[in-house]
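J.: For Cys300, the entry in TrEMBL reads active site, nucleophile. Annotation comment: TrEMBL describes Cys173, Ala174, Ala175, Pro176, Gly177, Gly178, Lys179, Asp196, Asp227, Asp245 as S-adenosyl-L-methionine binding site. The annotation domain 'SAM-dependent MTase RsmB/NOP-type' is assigned in TrEMBL to 68-373. Annotation source TrEMBL lists region 'Disordered' at 75-110.
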Amino acid sequence: ATTAPRIPPTRLALHHFDVSYSLQLKDLWPSVRAGLLCEQKYGALINNFSPVDHVTQELELLNATDFVSEAPKKAQRLQQGAAAEEAGRGDSRSQEGSGEGRTVTQAEMSPPLRASISSNIKCYTFPRGDITRFRPARPDTLGLLDYYLMDAASLLPVLALNVQLDDFVLDLCAAPGGKTLALLQTGVCGHLAANDISISRTKRLHQILHSYVPKEIRETVSVTSCDGRDWGQLEGGTFHKVLVDVPCTTDRHSVMEEDNNIFHRRRTKERQMLPMLQLQLLMAGILATKPGGEVVYSTCSLSPLQNEYVIERAVEIAETQFNIRVHVEDLSHFRTLFQDTFSFFSDCRLGELVLPHLTANFGPMYFCKLRRM
């Protein structure tokens, strides 16, 4: 008997996305699809532990800019323009009314815009439509590499976490290590715990720390290989900030790479169980957080089943099973701040979603911030 032709997992993934994402993203899907199938755009996360001046000068000469420090400046200019416009209208309109649809004034919008940015993180990107590639990272005199190439959208969950001086921080699913490295670049973590269930992936995390971080700083990071789902029982209520960057369908990888593809037929069950695993990891993250602490949940998938639905279910379970109230924080100011660098999905019910786009081919990246009350 002839066997059925083997359909590559990349084709299965694309078919699956065509069915589900065309319903979710509607007219936007063809453009997002094109982005997913084209070369990804990178950002260069500057290594603050290496002498950075010559690197930043080199990148600026190539017309790259640090999107993190540029964003508040642009937003401030926008706000000043809006405030001037508002003032210009003066009393020409009635003072009453709901105020719906009016321009947000500078005074109302500035605090979250200023507060949301960790200024120590520097990540250079090329402008929209510029597909220049960064050179590979080079070691400095101490052997530390000068920058780390990553999807610049992966920094948004770290920026949303907004680590403050001496915070105890947990990166629950830390490997391969880009976000862990970014957390260290803030320079303010009181203690950083980096965990990943996979021992082989944890080795990659160790390599990254070794390549970028001096020994005395590396020694302040505790790297573990536990099942993240158990973390709430291991060390409950101890962290100020927790990053839960969960395993997901890694949409870009799934349509581009045969290797380690979750759409492989033998991994069907694993794929179907992802939302459950994601929920368990998010619950562990919430339980590991001190009251008043914050959790950022993130995926590199467009799927609402892995994004908003997981958030809603976690909020519900925290309340009903653990008597913990969790508040979903508003991150819409990230759209204002970073609209020049990334394409955001405007209809995301909870959290924010970066959509791949041919002129700004970062993402997908979903991130949502929760506060444990």
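Just so you know, glycine gets a Cβ as well, placed from its N, Cα and C.
All annotation found in TrEMBL is predicted automatically rather than curated by experts.
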J.: Which whole-number value in Å describes the distance between the Cα atoms of the residue listed as 'active site, nucleophile' and Gly177 (S-adenosyl-L-methionine binding site)?
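T.: One finds 15 Å between the Cα atoms of these residues.
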J.: Take the domain 'SAM-dependent MTase RsmB/NOP-type' (68-373) and average the pLDDT across it for me.
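T.: Mean pLDDT for the domain 'SAM-dependent MTase RsmB/NOP-type' (68-373): 90.
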J.: Across all chains shown, how many C-beta atoms besides its own are within 10 angstroms of the C-beta of Asp227 (S-adenosyl-L-methionine binding site)?
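T.: Within a 10 Å radius of the Cβ of Asp227 (S-adenosyl-L-methionine binding site) lie 13 other Cβ atoms.
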J.: For Ala175 (S-adenosyl-L-methionine binding site), write down the residues of its own chain that are at least 6 apart in sequence and whose Cβ falls under 8 Å from its Cβ; none is a fine answer.
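T.: Non-local contacts for Ala175 (S-adenosyl-L-methionine binding site): Asp196, Ser198, Arg201, Thr202, Arg204, Leu205.
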J.: Which residues does Cys173 (S-adenosyl-L-methionine binding site) neighbour through Cβ under 8 Å, counting only same-chain ones at least six apart?
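T.: Those within reach of Cys173 (S-adenosyl-L-methionine binding site), by Cβ under 8 Å and sequence separation of 6 or more, are Asn195, Asp196, Ile197, Gly228, Val244, Asp245, Val246, Pro247, Leu281.
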